[in-house]
Structures are given as structure tokens and as C-alpha cells.
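Engineer: First, the structure itself, so that you have it in front of you.
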Amino acid sequence: MATAPSYPAGLPGSPGPGSPPPPGGLELQSPPPLLPQIPAPGSGVSFHIQIGLTREFVLLPAASELAHVKQLACSIVDQKFPECGFYGLYDKILLFKHDPTSANLLQLVRSSGDIQEGDLVEVVLSASATFEDFQIRPHALTVHSYRAPAFCDHCGEMLFGLVRQGLKCDGCGLNYHKRCAFSIPNNCSGARKRRLSSTSLASGHSVRLGTSESLPCTAEELSRSTTELLPRRPPSSSSSSSASSYTGRPIELDKMLLSKVKVPHTFLIHSYTRPTVCQACKKLLKGLFRQGLQCKDCKFNCHKRCATRVPNDCLGEALINGDVPMEEATDFSEADKSALMDESEDSGVIPGSHSENALHASEEEEGEGGKAQSSLGYIPLMRVVQSVRHTTRKSSTTLREGWVVHYSNKDTLRKRHYWRLDCKCITLFQNNTTNRYYKEIPLSEILTVESAQNFSLVPPGTNPHCFEIVTANATYFVGEMPGGTPGGPSGQGAEAARGWETAIRQALMPVILQDAPSAPGHAPHRQASLSISVSNSQIQENVDIATVYQIFPDEVLGSGQFGVVYGGKHRKTGRDVAVKVIDKLRFPTKQESQLRNEVAILQSLRHPGIVNLECMFETPEKVFVVMEKLHGDMLEMILSSEKGRLPERLTKFLITQILVALRHLHFKNIVHCDLKPENVLLASADPFPQVKLCDFGFARIIGEKSFRRSVVGTPAYLAPEVLLNQGYNRSLDMWSVGVIMYVSLSGTFPFNEDEDINDQIQNAAFMYPASPWSHISAGAIDLINNLLQVKMRKRYSVDKSLSHPWLQEYQTWLDLRELEGKMGERYITHESDDARWEQFAAEHPLPGSGLPTDRDLGGACPPQDHDMQGLAERISVL
């Protein structure tokens, strides 16, 4: 009896030990001879591909290479055995030709020329395929609209929305949030495709021949029939999907994670604010609060009863970072992009949480040990809850559009254009379908909108206009009163003109005033009639804020509990401003006193290092505080830096400016009381910018030897005496400077809130771990130690800090002198230091000796050129 052939391992249909005999009692023997089919001349070679117990008849085009045969084999695996496919299958298979005349039944196919007409080619899995290869199977994700409630199979939360709520895998049928696609492991089971695929053959005798219902196909036809091949094909594959398709995290990341040690989950009782299912049993977590358990590291959710059945496969917090870009298999529409971004932004992550703001500040060269050590007891630098994140909406909303006739005092020819009014300007288009426009009238340049008054420029033989738009450079006469005949062309008529006049007036008003309700039983008063209670500018009393400033409601610079900060413009000068709009109806008396305290303090201050207050407007419902608009804050600079921390040179530059501004405040007996990186604003996008202090809501008037006891400020930056409700003085600000300096150089907060601050300060190993403090100078650590003194009498003052050797450096002096040259004012350095630094430059061969002018900052930075270059690019993006 003939010897049974050895079946390839790892593919379906291969008989194993104890397998039942084939039906009918037939023994497995060598495949019987196949009846060759005669192809058309020049059409190619027809042969059979066998995978396990399945055979498919294929036609290989003439002059094809071995790569085509491998593609055909991969296509059959994807069609018949989707659960057995994996990433890189193309490179992990071998082709053997059955040769009954040879002692070795299977002959390795080395080229397409080895395959002859009617041959049987066996597909065998190579020994180079590892266990990890079988575990990595990318998902084929497409945007899907669900008709019934569905839950994400990654995070367990419900997929919200009416349409296009999430992503569905075409292979396994699992559902995911769009935001979760960044973290989905490549573990597609292919169960959905397996249900749709054909069954394998029962024995080797039932061979699919070239019938109409079978698969006699060419390489092109077989490739077209498989739509899921894209993530598994070599670069030569041309198959694509018509639908938007996405994949999860990169394959290389999965390979790295498979080699990591998996640890048990750390479950904590959690209260869920949205419907969530248990990721172990796939059942809903029921209840109003404390519904289940959540792993504090990987955010795995489960029932309390299911926690014991959850495997020890926690991969830690590093996976939930959202830093892996989602690859796109095909192009997708702008609507899909916006929907994806909206879903990502509305991810339910609490602002300031570790999952959103965790910084990876450790250098790669310090190794895994340094990273683990630096992350044990430290809180990463983050934006605290009281802070405001600067954001700008993508586009303005169209308030009104339509055809309008108009002329001006500079051109009396009456024209007709398609006007479009948004929150920032009036655009005059040639027609309603083109993007080409005739003119733009920014709302910030409109001084007044008046009823028709000047009829001296009305073109002869035409009707008078309806209203006038007055700017500093021109006056526009808009609309046309109807003549003797009713109706008329579009853009004419008193009714249309009144609609445009009302819309423009409303656009010129602050957005908050347009919907302010009037008190019951009272006639609605004119909300635009405002009075200025405090002013530092040449503006008369009892004027309308809309006549002085244009507030852009779509440019939100920040928001808080009681109001919103909008961008704006001064109408006459075009100067950018920031307008803090506060709702007095939601404003407690205590916070209102803080606001008035801030305004009163800022009114008395005039210093280049302190934000400038222009004026304050007030109505019965609202308060408008107008200040100069700056570029960003110091926290954004730290978070956007390459290593999550600032170089020493830049930190010296910024800390010196902060100390100079504090010296001016303390000279006037003003203590800021809420100093933190969020309240240190950048005046420009320069790599070495001017900084200004802002947010004086907690500021206090404290004499040189006076003390206060009221609770103020942000706890993360507050001195111990405030947290312990003890008396404090102006040295409170110096503690905050020490914390700012610490977080700037390290990217982490110096203290753990669960332990005593005094004990932490005395533990040098805890305060200054090797990563990253081994790369920071001893002078910086010494200054921080003198600022973070629990005893107030030992804490450095402003003048003592400015005289510290770490800040008294020639390079820092050069940087500050260049800034003063740009500002045209000397307020940081002093003339008495010039001779000392000139002598120092003569004795030490340092670049840039003498008074600096315009020079390249990067060229004068010996140790940290690469840091400053990367930081300059990020600051320009802010």
C-alpha cells in the first residue's frame, strides 16, 4: 500500500493524531491524477492549488512570476480560511509541486517555470512563521451606522449618535469607537468571514474542476474577489476597497507588546456616567453609581463577579495614549474626517487626567529602568482644572446671505453682489456659487450702522438707499428703496434692507448680549448701552462697547465657570484684544469682588512684564474686561517641547522675566498669590519670547512685614503655609516660582499630595531622581532648594533669587539684552552690569561679546542647540 503523504502543518484540513478516517473507509493516499484542461493557446498555465483538503483550479497568465502564484494562494486562504490568515502570510508560505515519479513526492517550486500544465501545487506554511505571527491579524474597520444600540468591544462604552456611530470589522464583526481605533490590538478572528465562506472539501476525490459554479479564475479575478487583502498584501497588490477602511495600531507595536510581561489588573470601584458593558461577560453594568470595577492602568471594565475570571493581561497605562496615528486604507470624505475628529474630541476624557496629559519626558537613551523609576511617585505636569486651554473654532458660521445692491462714497456706480455675513466680516461675492469675491468688509472696521441720511451721492435716475455702513476709510450705501412698480430685482426693497441692517447690527454686538432676557414686568432695555467703570485708555464714559471693539464669538480663547474669553479687535486701530465676558447672574458675590480686585490692581500697574488692562464695561447682566491679547502661555511651551521639559538656557530666560515682574509687584505691595505656568503668557511665537503675568483675581495687597490668612490660589503651586491655613506673606510667590522652575526643568510636579511636603523635601532621592536631574546643573537644584523652603524666613526673596549664580550667567544676559533691544525698552537688566559683563567677555572667549544686536540665538547656544531648534519649531506652531 502506498505511503500516506505528509500534510503541511498549520493549515486547516490537515489530519492529526486520532483523526477519523475519511468517509467511505478510504485511506488517504497520494492525490489521483488530475484531468488536465486544455487552455487556449497563449492564455497561460492551468493547474490546481491544494491547501489542506481543499483544491482550487486556477489559471496562471503567461509570463507570470512566482509572486503571482503566492498572491493566488493568499487569496484562497483569505476566502476559505479567514481565521487562519495573519499579517505577513505572503512571506511565510512555501509552494511544493506534487511529483509522483520522484522519490520525494513534494518538490519545492522556485520559479513559475517549474509549474507545468495540470500540476498540483501544495501550499505549506514555512518554519519561519512564529507564534506571534498567528496572533497578529489586523482588523478591516469601516465606518458603520447601527440601527440598534451597540457597545464598543474595546472600552465597553455605548456607541452614541444617530448615524455613523462607530467602526465595524469586516473580518470578525466587532464594533469600536473611532477614538478607540488607535488602541485596538490586531487580533481579528475572522469569524464573520468564516461564516460567509464555503466549506472545505470532504476528501481528495471531490475536486473543483472548471465548472461554471466553481472557481476557474485568473489571478486578476481571484484578486478582485477578495476585498480584505489590503493589509496582508505586498506592495504590488492593487486591490482596494470602495468604502472607507481603517486599521488599528501599527503591527510593530503589537510585536513589541507580545514580548512584554503581562501583569494582573489593578481594579478599583468605578461609577460610570454612560452605558458600559462588562468586557469579560459582555453584559451591561447596571446601576446608578459604583456599577463595576475599572483597571486604573488600562481602563478595563468588568463586573465585580467577573474580576476573578479576567486574565492577567494588563499592559499598563502606556497603551492608552492615543499617540499612534490611525492608518487609512483608502481616502475618505471630509465629512468622515470631521466626524472622526469630533468623536476623538468628545472622548469623555477628563481634562487634566493622566490619559490626556501624561508626559513622556524621559530620554530614550536612559533605558527602561530609568523610565520606570521616574514614573513611580511623580505626577506628570498637566493643565490643572482651574486653567483655561486656548482653542479656536475652525470656521465662522454664516449669519445671513443674499443679493444686495450697494454703492459707496468713493464709487457712486450702484453694484449688485451676493453678500455673506459671518461672525468676522461681510464678504461680497460675484455670485452665489463661486469663491471669487469682490470685497471684504471686516466687522472690526465698521464704526456705525445708520439709517439713510446722506442722499447727496444718490446716482441720477435711481432710488435712494436704505441704510449706511460707516468705516474709517469709506461709507457704504446699502439697499434701494422700491420705485413706482411693486417687486423688483433681488437685492432691492425696504424689507430686505431692514433684514440686513438688523443682522449687521446684531453681528456688531457682543454675542452674549443678543440673548440676554429682560426682567419680568419690565420693558427690555437697550443692552448695547454700557458704561465703563474702569479705564486705562482714552475712551469716554457711557459708550457702547460695540462701537469701540468688535468681539468675535467664534474665536474662543478660553472658558471658565462664570464666563468666556473671546478674541476681539479695536475698531479704529485694528489692535487685537482679549475680552473676558462674565455672566453676573451666575457670578457669586465673592468672585465678583475678586474680579473688581483684579481690575483695580491691573489699573494701577504699568510694566512690560504684566498684562495690560485696557478697560472694563458693565451692564446689569454682564461684565466685559478688555485686555491685550497674547500668544499663548508657558504651560503650552512646556507641554509642546520635544522632551516635555525646557532647556536650562530657556528656563533661565523665562524665570528672570518672571522675577523682574514680581519685583515690580512686590515693590507696590502686591502679591500675585496664584502664580503658575498657565498665568505666565507669551507675547510672541519667538523661541525666546517676552512673558507677562496675568490673572490677578487672587492678588492681595500685603505689606513687607504683613501677613494674610484667606485661602487663595491653585493647590499644586501653593506654599505649605497657605495649605495649612497659616498666615502668609509675599514669600508665597517665591514658593510658586520654585515650583514653576521645577516643572519647567523636569516636566513633573515636585511633590506627591499623599505625603508630607517637609518629608519629601528632605528626601533628595525623591525630589531629584537621576532622570532627568542628572543632566541638570547643580546651580539650578540649589536655587530650587532655596525657593522651596517650608520656613518662610529661609525662603529666597526676589532680589536674592535674581542674584543667584545660576541666573547670573553671561549667555542669559545676552538673551535678555536682545529681548530688550526688540522691545525698545530696558526693564530687565541694568546699565551698571554692562561693564562687568564686558570685562567677563574679554576674559572668557565666549561668542557675542559686547552689547548684542540682531543675531541668531541658535548659534550662541553651545550645549543645547538641538533642544532649542526643536523647541523653536513647536513654539511657532502655538
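Backbone N, Cα and C define each Cβ position, glycine as well.
Remember, predicted model here, so these are calculated numbers, not experimental data.
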Engineer: According to Swiss-Prot, one residue in Y146, Y549, Y717 is annotated as phosphotyrosine; name it.
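Structural biologist: Swiss-Prot records phosphotyrosine at Y717.
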Engineer: Can you dig through Swiss-Prot and tell me which residue of S46, S214, S338 is labelled phosphoserine?
Structural biologist: S214
Engineer: Which one of S197, S225, S333, S353 shows up in Swiss-Prot with the note phosphoserine?
Structural biologist: S197
Engineer: Which of the listed positions, S223, S244, S849, does Swiss-Prot note as phosphoserine?
Structural biologist: S244
Engineer: How big is the Cα-to-Cα gap, in Å, between V565 (ATP binding site) and D674 (active site, proton acceptor)?
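Structural biologist: If we compare the Cα positions of V565 (ATP binding site) and D674 (active site, proton acceptor), the gap is 19 Å.
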Engineer: Using DSSP, what's the helix, strand and coil tally for the zinc finger (264-314)?
Structural biologist: 3 helix, 14 strand, 34 coil
Engineer: Let's see if you can do this one: DSSP helix, strand and coil counts over the zinc finger (138-188), in that order.
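Structural biologist: The breakdown for the zinc finger (138-188) reads 4 helix, 14 strand, 33 coil.
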Engineer: Roughly how many Å separate the Cα of L557 (ATP binding site) from that of D674 (active site, proton acceptor), to the nearest whole number?
Structural biologist: 20
Engineer: Where does the mean pLDDT land for the zinc finger (138-188)?
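Structural biologist: On average, pLDDT over the zinc finger (138-188) sits at 87.
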Engineer: Determine, to the nearest whole angstrom, how far the Cα atom of G563 (ATP binding site) is from the Cα atom of D674 (active site, proton acceptor).
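Structural biologist: Here the two Cα atoms are 19 Å apart.
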Engineer: Near V565 (ATP binding site), how many other Cβ atoms are within 10 Å of its Cβ?
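Structural biologist: Step by step: centre on the Cβ of V565 (ATP binding site), count other Cβ atoms within 10 Å, giving 21.
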